[in-house]
Amino acid sequence: MEEDEGADDGEQEEEEVLLVNVGSTYPCKRSDGSQHDADIVKTRYNKQAGREEYYVHYVGLNRRQNEWVDKSRLVLTKPPKEVETNGTDQEEMTEPTEQPDSKTPQKRKLEEPEPEPKKAKVEDKDASKTAASLGAAGDFAEELTCPLCVELFKDPVMVACGHNFCRSCIDKVWEGQSSFACPECKESITDRKYTINRVLANLAKKAACTPVTPVEKKTRPLEKCSEHDERLKLYCKDDGTLGCVICRDSLKHASHNFLPILDAIGVYREELSAIVAPLEASLKVTEQLSGEQSDKIEQHNKNVSQYKEHVTSEFEKLHKFLKEREEKLLEQLKEQGDNLLTEMENNLVKMQENQDAIKKTISLAKERMEETDSISFLTDIKTFIDKCQEQQRAVISTGNTLLSKELCQGTFKGPIQYIMWKELKSVITPSLTPMLLDPNSAHPNLHLSDGLTSVRYGENKLSLPDNPKRFSQCILVLGSQGFDSGRHYWEVEVGDKTAWDVGMASESSNRKGKIKLNPKNGYWAIWLRNGNRYKALESPSKALSLTSHPRKIGVYVDYEGGQISFYNADNMTIIYTFSATFTEKLYPYLSPFLHDSGKNVDALRFVHNQ
């Protein structure tokens, strides 16, 4: 039983050796494979991994390299066992190696001073306790030091992750930020909130009242100047480096500008804030534009699908019409061909019947002619000859006429495409609308033809009654027919004119005084000036680049679709398209413009189907 108990005590002792103590320092394996001394700052239990983890600070390294590690990365060693020394052992260590002989009396040994092993052991333990207390005091002092200002805590507060800072220090760090994080562990913090740590405040006050000791003056290697071994308190604005007071006064930093670390943090945080603010505004604009661009892309894809469906539908109508006409024409060809073939085949049958009858008569006549018996030859010879003559007359009366029937070339071998095009024009939607001009809207300098199909500019004003529809200053005239639904297409002949306007106007658009022609004012139009300068009258106007000079302009209106398109009607190439939502009736409008020193005297003329 005693041996078992001894084994249990040994196991317990081994477990105690392998325990990890907060505030102690152990060698720790870093993620890069190197090994470095690390202070154990705090512990936590990872429920997901099912293990204890330790938050370590690598001695002499930047606090940003602090991390959570598990026990396997700590190098834990079992301390050597203390061996108690008795008086005999002490004697062996202090006495000369000379062995007493057997004759040496026991009295001499007793007269020698007794060693004091227990006292020495107590002194060793006191020294150990002193060192331990110094280490603990150093760790305690470090725990009472703000990691930002590296001074004892003043009005300490604890943030959500559990780290503590001076209230003024954390306020300076978080000032002007839109998102927050712990300066120690970089953990994100949702709200700018912290809790007053009264316990830590009391401890810091007590530490401040304690006489200064070497432990209290201890600074971590990270916060010391590598050159002068002094605390880093200043920031050099010229070199962008941290320094101590000696650095500031050295020749290396002569005439350099220094700031206290916290002031430098505030200055550069303000600079970053000045950079971040416009960037955040730009980000907001970019995000908005990105969303709008996504909407545009989505709408574009919808338009592609809709346009594809429209094109397919329009061509299906054409295909259907042409297919029906093709089938009808082929049916006519078959019917006419079959009828002619039947006539010729019937004629051939008659010819073959006559041929057989003639062959039979010839055969009988030759057979009678070869008869050698005179009596047999002459018997009923007249009757036989009459039958032969009757057969001859029958053949002659029937007649062997060769029939040569021809298909109608004009129908089946004529200009089929042109014929189909002429028929197609009657079913095309929209077809060419025959437009007329409204004389009640014409400017007094415009002269309309008797048929109201053309207009030209006249130097002399006509005496016309004024009315709300008439243009008083702009040289324009409306069409007499307006559109408030459906799809429509019309054309105007512009010929070799050097200036003109062609477009659409809303019913309520202004007709009096000087008018700005654009969609906002109810006008959708294109114009030509100086013989080669084309524009779409948008707001602002847009210059148009045409590859050829159109002699006819086509205008297409899809009222429900909100579309007004202009074409070069000579080859149906698109010139420009307006998109809008129409709420009232639209009327065509024309302007032949001024004479331009005799270069622009021709009239504008609506095109009608011939």
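Just so it is clear, glycine is given a Cβ too, placed from its N, Cα and C backbone atoms.
As annotated in Swiss-Prot, zinc finger covers the listed stretch 220-261 rather than the other ranges in 220-261, 262-303, 514-555. The most densely surrounded of the binding-site residues HIS228, HIS253, judged by C-beta neighbours within 10 angstroms, is HIS253. For the zinc finger (146-186), the list of distant contacts is 42, 55, 63-64, 66, 192-197, 200-201, 204, 207-208, 219, 223, 231, 261-262, 265-266, 269-270, 273, 276, 280: same-chain residues at least six beyond its ends, Cβ to Cβ under 8 Å. A simple Cβ count within 10 Å picks out one of the binding-site residues CYS225, CYS247 as the most packed, and that one is CYS247. If you look at the zinc finger (220-261), the same-chain residues 6 or more away from its ends with a CB under 8 A from one of its CBs are 59-63, 142, 149-150, 267. Taken together, the residues in the domain 'Tudor-knot' (21-75) have a mean pLDDT of 84 on the 0 to 100 scale. Within 8 Å of the centroid defined by the CB atoms of CYS225, HIS228, CYS247, HIS253, the record's Zn(2+) site, lie the Cβ atoms of GLU227, GLU230, GLY243, CYS244, VAL245, ILE246, ARG248, SER250, LYS252, excluding the listed residues themselves.
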